[in-house]
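*Asks:* Structure incoming, see below.
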């Protein structure tokens, strides 16, 4: 019999037939591809595969060519999806909004809340830094627009007092104002007859809801002056020089004859600070939690009430300190001295930040407005002056008073009150950001005793006056801001809200070292100090760590990083740097030669001509 030849060396294998695929055994839960017989028991339905998940079952001996992986169907480019235009919003009745989109904001109103000066161009910096600055600027612009829109929701408007047919408003009495206003506003005008323990100093809380008063003969009291509810009333059996609320109405600082005492709103003494002795004036910095005290010994002391430590004790070297005020804008303390100067102090500096010669005699009173722009001073020379604090420290206006003002106070909207003996004069300006006009008084009122303390109540058109006969609450239309920020100072907050606000304020406390004349300088780079630190660092290390590192070529793969190629690349970079230096030196020489030619071309002693501008 003839047998089929076996495939050997001389006989090529047949290419027509491929090895047969082995059939995968079927499980009982899988469906057959072919129709099943009637007797077969079909299993559970087979799971359908997703689109695009068809897998080819490869045998070990088969190979798939690369052409089979490429789809033979022509690829049609996908059309970009067209964004549907948003349909105009319709109301419930089906009517279409005639003014779609957000309401436009006036440019002047938005500029009022803008904090970025767009006239200055962004500095040349890296693209990443520049993009961050652009994002911050866009966010600030969006915030200013939102603030301008929210201003439309403010319900209250500032009050004003206007005379009829050129009538002088200074002749309008308090009784006439009380008759003209509503019952709630009329109840804010009252007199407390306390001649037995006077004269009195007074202080309003930051919310404007509570009033603290201290008499020279030891009478200390705190009350809710709106509802006339008494919180506490004690007699310390010692002379009281000044009184101040701390960060909330729950704590009270009293400058007594010998030492500084801290009381709560129930009249219980909590602390006696003996390092602050013979204190004459008190000022509290709310954002720094600092209590500033001026003493008869000439020391200005800063006490951190959050931790109970003295931050700084500065010697003013000017004798007894009895005139003190704070700048609400930058928390700088202003001290008035007997030689007619006003010094500006910060706890971070042992010397005064600035000294201003204001009067020929001693300074009697100082007041700074809420924006930190203007300062009013009065002296023994009977002069009342207003100074500009925006770097120039020059007097803007002055007025000679018959008796001289012993006490001064600014309101939230820029009104200036001055106490002269038993008379109160109030001057008003064009607006909040403008200085008060000293030509004509806005209001005048005569008291039953000599003035010893003045303060405008926050968020209320009320001026509190402490005098030798007690306390007087005057109505001053247009003195305060009509709307308050409930997150900052809420007059109607509960006990729980006050506790939460205290925790937040403590977390956001500003360090005392950041008090300076210009708070905006904190965001700028101190170039001089930066260069000095760089020099000291070079001297300490012995080399400049920021100097340019010599070029080191990176090794390449596949034998291309031979010694000759590395040296060649180094020399190429060095030649390029050398060419740049030579090009710069040549350009400088050419500029110098041009200048010399121009100087030689002009004859000496000749007059300048109008045609010289066209000479190149």
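Every residue, even glycine, has its Cβ placed from backbone N, Cα and C.
Please treat TrEMBL annotations as automatic predictions, because they have not gone through curation.
Feature table excerpt (TrEMBL):
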REGION    1-106  region 'Disordered'
COMPBIAS  57-83  compositional bias 'Basic residues'
REGION    120-140  region 'Disordered'
COMPBIAS  121-130  compositional bias 'Basic residues'
REPEAT    356-390  repeat 'WD'
DOMAIN    441-519  domain 'BING4 C-terminal'
REGION    545-616  region 'Disordered'
COMPBIAS  574-584  compositional bias 'Basic and acidic residues'
*Asks:* What parts of the chain pack near the compositional bias 'Basic and acidic residues' (574-584), using Cβ distances under 8 Å and only residues at least 6 beyond its ends?
*Replies:* 551
*Asks:* Taking DSSP states H, G and I as helix and E and B as strand, how many residues of the repeat 'WD' (356-390) are helix, strand and coil?
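*Replies:* Per-class counts: 0 helix, 20 strand, 15 coil.
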*Asks:* Grab the pLDDT values for the domain 'BING4 C-terminal' (441-519) and give me their mean, rounded.
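*Replies:* The average pLDDT of the model in the domain 'BING4 C-terminal' (441-519) works out to 92.
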